[in-house]
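Engineer: Structure incoming, see below.
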Protein chains: 2
Amino acid sequence: MKQDKPLVIGMAGLGTVGSGVARLLEDNAESIAKRAGRPVKLKSVVVRSMDKERVGAAKDAEYTTDLLAPANDPEVDVVLELIGGTTAARDLIVAALENGKHVVTANKALLAEHGDEIFPLARRKNLHLGFEASVAGGIPILQPIRDTLAANELFSVMGILNGTANFILTQMSRQCMPFDEALAQAQEKGYAEADPTLDIEGIDAAHKLVLLVQLAFGLNYPLEKLRIWGISRVTPMDIAFARQMGYEIKLLGTARKVDGKVTAGVYPALVPSHFLLAKVEGSYNAVRLEGNAGPVMLYGYGAGDLPTASAVLADVIAIARNCEPNNLGFPGMEFPTDADILDLDEAVSEHFLRFIVPDRPGVLRDIAGVLASHDISIAQVIQKGEDTGAGVPLVLQTHEASAREIHTAMDEVEKLDITLDRTMHYRIL
Amino acid sequence: MKQDKPLVIGMAGLGTVGSGVARLLEDNAESIAKRAGRPVKLKSVVVRSMDKERVGAAKDAEYTTDLLAPANDPEVDVVLELIGGTTAARDLIVAALENGKHVVTANKALLAEHGDEIFPLARRKNLHLGFEASVAGGIPILQPIRDTLAANELFSVMGILNGTANFILTQMSRQCMPFDEALAQAQEKGYAEADPTLDIEGIDAAHKLVLLVQLAFGLNYPLEKLRIWGISRVTPMDIAFARQMGYEIKLLGTARKVDGKVTAGVYPALVPSHFLLAKVEGSYNAVRLEGNAGPVMLYGYGAGDLPTASAVLADVIAIARNCEPNNLGFPGMEFPTDADILDLDEAVSEHFLRFIVPDRPGVLRDIAGVLASHDISIAQVIQKGEDTGAGVPLVLQTHEASAREIHTAMDEVEKLDITLDRTMHYRIL
């Protein structure tokens, strides 16, 4: 089992994650060699431009601007794709696999969009395609699903999969801060990109959810069929009302099996305050899995240089130890078949509706009447505040109904011409 | 990679965990075969007496009262030791390994006490000795440490490792219930054994902590050197004062590296209320790991038939997939060397002291004087209630000091002859 031959790595990308990988390989070299059973050597690094300063930790590596260099280097055992994007990254991964090299990547977008090409190729070549780092950064999640929870039949997977969005919601909640201000703060602190769309609109979380569903259920829920909502319309007022009712608002990715079908989506949801998931704050991530052997929750940093690099190197160490590839968690599977989908709008849950209405008699009666006519029963009502001309919030918690029924009722309420602002609708977990 | 030959199991023990294993093997047969790459077959079951009714799920297995039957059966690939105890269980495991069979066990007591015999034997034979189920039941924890967190240098591991103790503390806390009453309730609900010593005195948690330290640090902290305190002296009053100061009392197993040494122990500790660990309630377990790539926390059921069985079968599935054995997380290691130990009483932390004293002038001055004379500074004081003859509680939170210094000061306070009841001391996390 023990081999003295080092495992040789070629790495493309020297951004946050790439630098973290180089640093961990240097700082933890001894313990990594002990865990892996042999040394792990960073031979080459692909950079965009040779002008840039080299990262201290990777100073002994060969630098190149030739993207495919690691894929073509006979000495390289494993190619790390850490450049991101879906074009050059795809070319590199395909070339590496074609040339018989294992691949480790943190590229959730690429795998969620082109997994049906890349996973079967790795499978046919019997090569590792490690992607632990692509979901929830430094939190052990893909390997636990594949290995430690493999005897469970998982029927639910949900999580706080985007640290930027969770940071923003936490600030909005703690400081009763509007979304724009919290976003600006996140950008200042380096938690959000200049263009924050992927994070705040739920797209990054959706990429991760697609991968989680593949591993947890052995089924493909195509990204383009996934229902995705972001947090840009969430208001501190909604957060405050939700808390009053015993909930926190979290951007969740959720997928569950319902009568053989899978229903999934990314959306800001009301999570009961006593759930551990509701207590995950700031830029932390958490994933909750439920199977017939009970629930587990895994929690930690979803991003950042060292946490993500640690996940990248977990896959590298598994390769060093000569484990058989089991990329998708089912050794015989080329790629999961498409799930039989129950659209999220057809799945039932409780709902939270917040209207802005004039403070006058008959408004609650009219809205309640519309809901009743759609067989939607009301669990809780809050109406507060004085009408200073802009109306007052009217908040309703419903019993179980499908979102489709809720939307139909909401449309009908709009026609009554009594709402003074956009009505907000959240699903309750 | 794909093999059609089933993996054949011989199982000793048909109690809670054994029945759970049989049930999962039946209920999840198809998905387990997909995850494992081949079917897993339960061939034989060792029971204490043939008179007992057979468990439905294991009805097709051969039953025997011959303990060593699975170890001697040439068809058996993996022996599951689920009988517990440290005598017969040891005989079975040694016989199985000697005969070239992989072993999976949930027996933390045996491994904590006789690991130095069993692990080297498995290593020399290049056989799996799976023990995921022995720590924190259904929570993925050993495999994440060995694999997913392998690129981290872990320096801290702590956890709520005993569900019975956590259930009792939760009931004491929620209902301001004395220990005895909460214990009786736990026994009624089946969470605590008739003889609850192992759970409430911290011994079960200590067994698990020894194994966690071996995996996380690659070092052996011999059980007999571990400092262990239980929860039987914790009072609802202490819990209430702790909460007032912003803490929850939890029975923790903790180990951390301090300047190259390891300090470890099991004790009821004050955990800051905003820590996720403080929010782990009832019979749940959680383990928090911290390394140079950030903290993670893993949460779920620490016991129970299906959660524990799921962990047993995780090891079985790894064996079915022909992974190389890596039992202790360091492929080249026979058994960890002993840690250089920093006794828990020499490690510094903040402390919580609760005295029962007469409500008269000078008492606080005298106690504070003793602490000051030992250079222990006070961070917070609470004195409340009216003295009806039995004294009043006086609660002090100190700044950092070693427990040795605290104990010396406590002894000196005793000599003042002003305390009216046993003084309680808790470490603050």
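Quick reminder: no glycine exception, Cβ is built from N, Cα and C everywhere.
Keep in mind that TrEMBL annotations are predicted by a computer and have not been checked by a curator.
TrEMBL feature annotations, pasted as is:
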- A:Lys208: active site, proton donor (ACT_SITE)
- A:Ala12, A:Gly13, A:Leu14, A:Gly15, A:Thr16, A:Val17, A:Gly18, A:Ser19: NADP(+) binding site (BINDING)
- A:Lys108: NADPH binding site (BINDING)
- A:Glu193: L-homoserine binding site (BINDING)
- A:352-427: domain 'ACT' (DOMAIN)
Engineer: Of A:Gly13, A:Leu14, A:Thr16, A:Gly18, A:Lys208, which is closest to A:Glu193 (L-homoserine binding site) if I measure between C-alpha atoms? They're all recorded positions.
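Structural biologist: For A:Glu193 (L-homoserine binding site), the closest Cα among A:Gly13, A:Leu14, A:Thr16, A:Gly18, A:Lys208 is found at A:Thr16.
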Engineer: Between A:Leu14 (NADP(+) binding site) and the residue listed as 'NADPH binding site', what is the CA-CA distance rounded to a whole number of Å?
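Structural biologist: Spelling it out, the Cα of A:Leu14 (NADP(+) binding site) and the Cα of the residue listed as 'NADPH binding site' are 18 Å apart.
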Engineer: Around A:Lys208 (active site, proton donor), which of the listed binding-site residues (A:Ala12, A:Gly13, A:Ser19, A:Lys108) come within 10 Å, judging by Cα atoms?
Structural biologist: A:Lys108
Engineer: Work out the three-state DSSP category of A:Leu14 (NADP(+) binding site).
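Structural biologist: Going by the DSSP assignment, A:Leu14 (NADP(+) binding site) belongs to neither helix nor strand, so it counts as coil.
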Engineer: Sorry to bug you, but what's the C-alpha spacing from A:Lys108 (NADPH binding site) to A:Val17 (NADP(+) binding site), rounded to the closest Å?
Structural biologist: 14
Engineer: Around A:Ala12 (NADP(+) binding site), which residues of its chain at least 6 apart sit with Cβ under 8 Å of its Cβ?
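Structural biologist: Correct list: A:Gly18, A:Val45, A:Val46, A:Leu67, A:Pro70, A:Val79, A:Leu80, A:Glu81, A:Leu82, A:Ile83, A:Ala89, A:Leu92.
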Engineer: Write down the Cα-Cα distance for the residue listed as 'NADPH binding site' and A:Thr16 (NADP(+) binding site), rounded and given in Å.
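Structural biologist: One finds 16 Å between the Cα atoms of these residues.
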Engineer: If I restrict to non-local contacts, at least six residues apart, and a C-beta distance under 8 angstroms, what lies near the residue listed as 'NADPH binding site' in its own chain?
Structural biologist: A:Phe131, A:Ser134, A:Val135, A:Asp204, A:His207, A:Lys208, A:Leu211
Engineer: Give the helix, strand or coil assignment DSSP yields for A:Glu193 (L-homoserine binding site).
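Structural biologist: Its secondary structure by DSSP: coil.
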Engineer: Got a sec? Which of these binding-site residues, A:Leu14, A:Val17, has the most Cβ atoms within 10 Å?
Structural biologist: A:Val17
Engineer: Among the binding-site residues listed here (A:Gly13, A:Gly15), identify the one with the smallest other-Cβ count within 10 Å.
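Structural biologist: Across A:Gly13, A:Gly15, these binding-site residues, the one with fewest Cβ atoms within 10 Å is A:Gly15.
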Engineer: These are the binding-site residues: A:Thr16, A:Ser19. Which one scores highest on other Cβ atoms within 10 Å?
Structural biologist: A:Ser19
Engineer: Around the NADP(+) site formed by A:Ala12, A:Gly13, A:Leu14, A:Gly15, A:Thr16, A:Val17, A:Gly18, A:Ser19, list the extra residues of the same chain whose Cβ is within 8 Å of the site's Cβ centroid.
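Structural biologist: Result: A:Met11, A:Gly20, A:Val21, A:Leu82, A:Ile83.
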Engineer: Should the residue listed as 'active site, proton donor' be counted as helix, strand, or coil on the basis of DSSP?
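Structural biologist: Assignment for the residue listed as 'active site, proton donor' reads helix.
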Engineer: Restricting to the domain 'ACT' (A:352-427), what is the model's mean pLDDT?
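Structural biologist: Value for the domain 'ACT' (A:352-427), mean pLDDT as a whole number: 94.
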